[in-house]
Amino acid sequence: MKYSEIMVRYGELSTKGKNRKDFIRQLGKNVRQSLQEFPNLEIKAQHDRLHVTLNGESSSAVIERLSGVFGIENLSPSVKVAKDIETIKETAAAMVKEQFKTGTTFKINTRRQDHDFEFDTNQLNDMLGGYVLEHVPGIEVKMKKPDITLRVEIRLNGVYLTSEIIPGAGGLPVGTGGRAVMMLSGGIDSPVASYLAMKRGVKLDMVHFFSPPYTSEQALAKAEELTGKIATFGGNIQFIQVPFRKIQEEIKEKVPEGYLMTIQRRMMLRITAAIAESRHTKGIFTGEALGQVASQTLESMMAINDVTTLPVLRPLVSMDKEEIIRIAEKIGTYDLSILPFEDCCTIFTPPAPKTRPALDKSRNFEKLIDVDGLVKEAVEGIKIVDVKPNEKFLNQQSDVFAELL
Ligand SMILES: Nc1ncnc2c1ncn2[C@@H]1O[C@H](COP(=O)(O)OP(=O)(O)OP(=O)(O)O)[C@@H](O)[C@H]1O
């Protein structure tokens, strides 16, 4: 079937009262950004629905993109035809035929915006139903829960027929929930946490700590490429890389081994908070889940959280690893995350970190290093890259995959 339009139904937007206009505007903007590669499309975000006119572009490619955009409840490819009853009948039968399998049931559901059209909705339902029964042998009518509901809309500018409802990504349009900073490692969890933060409308900036020469160029490229994957769900993302080597060396030299990890994490969070505040963002997201590793106990979270008053949000807090992996696979980050490039934290993790660090001891050990000076230096050393949806970083370096073989 050659579709002419994709009809997009809004998700939670309809319940948002006076903010509705902003939500629709933002969703329109996000949809336009995610469909930039299709120059012939016309996109109109209207009060009740968003319409994407295909003008010859591939419906399946456009649907694939749209189904990843947050704020969309579901979508339906539709065919626009002239207001001519014979053409409407033939198109209706062709659409049903395309989905017909033995035992399929159907009904016609007509709506009329153009009240001057020569037939009313009951007449249209009867005429079109009769025509489909005659031209699709074996099909039956069923009013309650049919397999196919063919929707026919008689609008002022033409007639639209749709028969399929494809689920959207749900959630809220990215950008309607404010802006926050995400602490992104190269692991499995933080990309999933990013996805879930964005699902609730939050626009993210990524902060990534790296420690060359302890961490390789590939580890950095992997985090950037993960950012490109995540950007497919909400548009370009600023990737902020923070040099961390000097801080790690300083901590390793001066802090007792049991507290290496806690003090490193406190420094990471402190620097992230400084970056978040300088960008006027309202919170920090991490990929932590309770009980996963030493730094992810309540005591540890308390000792680390101590350095900022910004909300530190952990969308994965109560998830099992299996659940997290399932989402990572669904959003396409898993294969990248498991590439074996070392993260800066893994390298400096002591063999037996304190799983229940004490807050007062954490504060005291930190006095052994120049906290303010080191934070200032790290913040001054950041580099920002604007990462586009699906932008590649790894395969531009020929040695990356060769090294893994
Ligand atoms: N190099 C890094 N840069 C930025 N944030 C980081 C970095 N390493 C860890 N984090 C943050 O700290 C969280 C906990 O990291 P940790 O390595 O303890 O656990 P993890 O479960 O392996 O997480 P992940 O799978 O996201 O790496 C990460 O989810 C991320 O939010």
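Even glycines carry a Cβ here, placed using N, Cα and C.
Residue environment of MET183 (ATP binding site) contains 23 other Cβ atoms, counted within 10 Å of its Cβ in all protein chains. In the three-state DSSP classification, MET183 (ATP binding site) falls within a strand. For MET183, LEU184, HIS208, PHE209, ARG265, GLY287, GLN296, the entry in TrEMBL reads ATP binding site.
Shown for the domain 'THUMP' (60-165): DSSP residue counts in helix, strand and coil, namely 37 helix, 33 strand, 36 coil. For 60-165, the entry in TrEMBL reads domain 'THUMP'.
Within the set of binding-site residues MET183, HIS208, PHE209, ARG265, GLY287, MET183, HIS208, PHE209, GLY287 have a CB atom less than 6 Å from some atom of ligand 1. The record assigns MET183, LEU184, HIS208, PHE209, ARG265, GLY287, GLN296 to the ATP site; their largest pairwise CA distance measures 19 Å. Listed in sequence order, MET183, LEU184, SER185, LEU220, ALA223, GLU224, PHE239, ILE240, GLN241, VAL242 are the same-chain residues six or more apart from HIS208 (ATP binding site) with CB atoms under 8 A from its CB. For the recorded site, GLY287 (ATP binding site), the DSSP three-state label reads coil.
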